[in-house]
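This report refers to the structure that appears directly beneath it.
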């Protein structure tokens, strides 16, 4: 290290090399020595502080400064560090060979010579790191670079820990619960990548030198097999495989070495490294004495650190040019990154581009969307960092989308006003289940509805209208303006022969190529498949791109509905109507066996593939036709067949999931809210029927009140008219109120004085026989609540009482044709409130479950609500206190209970 002060002005910044969790790496030239090439890591101060990355930057700087004191060929060297007002700068070795993972993806697997040579270099480098009291804690092929000659160089020490107390306190963490093993000082913080995490970190929340050796064993296996040994459908499954040693070479599996012979010595070496107990895991010194390295002279450092291209007389350029032109940034499917978060606001970066082949941080990758992860819940439970960041925070966030160029800011999955949009969507799916809709109806609405209603409406019309029709009519009376405008806008874009389906989220022309699953067939071909991974998909696309595009046959119209159902129709370009009218069901977004992959999918450039996989059933390669192909289709046909072409397909898939989750939450809320659906079901004792209620008018009866939790009925003395109240009617009788003789008799629709006795049969004959009132019934002064069902249920009566207490009794309006002006009635009731109302405790319960009208409750919020309010909860707060180990045990515990 030199003490001369440097600054960004001393360097010429070239192209961007990669993107890390909190930094961007550039190729740079020294202005004073142009022949010197460096890699400069630029860290945004604003982002570091915002994302709480100061700790990791300090760790990396201190660790690399310590290692740079004695330069080692296998360690990236730190030359200078400096900063300006906006950024921190790390001047590092330039590695023109790229990442080791990129080379592995190109080669598929390494032969025995390369495997032994790379492993020997890793062992020597790890021995040097451990000799300085440093644990890397995130060793994986992505964090190993290659120089021009093919030598390995370990990088990315942001997760490192040290047992040297001379370093920063954040860099070293000591565990007092040491078991006295050979790595007797361990770190107790959760870092690393899911597929390389050691079992002691999961089981005991400890990490030592043996954790790096475990990661080395995983890498040796990956060199030979092409993929890590432990790979689950999600992080929890991966962790379970790790602690169970569930991998092809594990003790419980029979090794099939006939198809592709593997050196048995390397199998034996991996089996001795991948051991659960740290005390039984072989050390680096024992690995060096293993028979697999019998021909390696560990004292001959020159031979060990000879580059692979150097030893074979090949240059880096010859090797890379000789490889097939396959995208090298393709990620292994289901490989999930645990610790990294995409950088977002580094000022010096002009064009955001993900770090090549970085897990969850690449633009040319297959991004896994396994529905069973839940996108947020599955990862949050494990303490993973990337999933806690919403996809809307930046258009280049690869947790949702991998190709940033394909999605402009106008097409982000959740726009800033997404909350209001979510409310509208939820109302469209189930408009009768949202409690906040009730208080919208105020006195003005009720007062205006009475004069418009004529008293002599024929009651026979109500009996001739079916229940289903009357309910929908009542619903449209409240929400018709917004619905009609929306339908007019949508139908205006369609052909006159077609009518739009409001349940369709998106519909457009695509190419679809389906490949069925066959257990005995090839791994992956155009005709069948029995295995899926990134290498197979990459090879298939590279060799059969035109066939998958299917551009010479016909187009399909792909339809995604709000119910989550995905289907398509064939649209033959020649005009064959037989295939066009047949609908083919593909899958439902809610299907737990459905996965979605993004292979360079870009809707703007119409390139790449959106891949859907139904587990052991079929794979669909979905691509978009070019604009020239679309121009051959008649304009009217395009207009009539495309819906919502302003929103991209990936966003619509996530929106469909969101709508389904919202519907599930609405179903949960409906079980605890006071809507008519929950209370319309019979329970014991049964509520008083409509036909029996007129007989009890004027008598004191005991009504049934529902508990807020499960809807059970309790006998409680209440006002005699509460059980028979229409929605938003006055819950009292003129006979029971003080001073009732001077009160207008129409205050209760069913309690009439002798002046109105003649109209009683006329009005009741029209209402009593029916289970659902018609539109005419509602316009007679009775505005429906919730789902506009009849008012015989107790749930609506309870809500009426809630509204009267919160807004005052003046919100209720009479509906009798002989009613005096509403102002008089309201003015008279104020000095004489109903006596039973102050005794009711329902408003407290309603506050517990209701939500503001502009907020949609997510499933996690709903569960937290009930967890915090449930005194008998089974959630163990002590277990899920810190780290991956705690999260793993907590999830294991919850899984056993299920």
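Glycine is no exception: its Cβ is also placed from the backbone N, Cα and C atoms.
Per Swiss-Prot, the features are as follows:
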- 11-293: domain 'Protein kinase' (DOMAIN)
- 17, 18, 19, 20, 21, 22, 23, 24, 25, 41: ATP binding site (BINDING)
- 138: active site, proton acceptor (ACT_SITE)
- 435-484: region 'Disordered' (REGION)
- 459-468: compositional bias 'Polar residues' (COMPBIAS)
- 469-483: compositional bias 'Low complexity' (COMPBIAS)
- 675-850: region 'Disordered' (REGION)
- 696: phosphoserine (MOD_RES)
- 697-721: compositional bias 'Polar residues' (COMPBIAS)
- 723-738: compositional bias 'Basic and acidic residues' (COMPBIAS)
- 740-758: compositional bias 'Polar residues' (COMPBIAS)
- 753: phosphoserine (MOD_RES)
- 771-782: compositional bias 'Polar residues' (COMPBIAS)
- 789-803: compositional bias 'Polar residues' (COMPBIAS)
- 804-817: compositional bias 'Low complexity' (COMPBIAS)
- 818-831: compositional bias 'Polar residues' (COMPBIAS)
- 871: phosphoserine (MOD_RES)
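Separation of the C-alpha atoms of residue 23 (ATP binding site) and residue 138 (active site, proton acceptor): 17 Å, rounded to the nearest whole number. Residue 23 (ATP binding site) falls within a strand segment according to DSSP.
Residue 19 (ATP binding site) is 17 Å away from residue 138 (active site, proton acceptor) when you measure Cα to Cα.
Of all the recorded positions listed here (19, 25, 138), the one with the fewest other CB atoms within 10 A of its own CB is 25. Counting every protein chain shown, 27 other Cβ atoms lie within 10 Å of the Cβ of residue 23 (ATP binding site). In three-state terms derived from DSSP, residue 138 (active site, proton acceptor) belongs to neither a helical nor a strand segment and is classed as coil.
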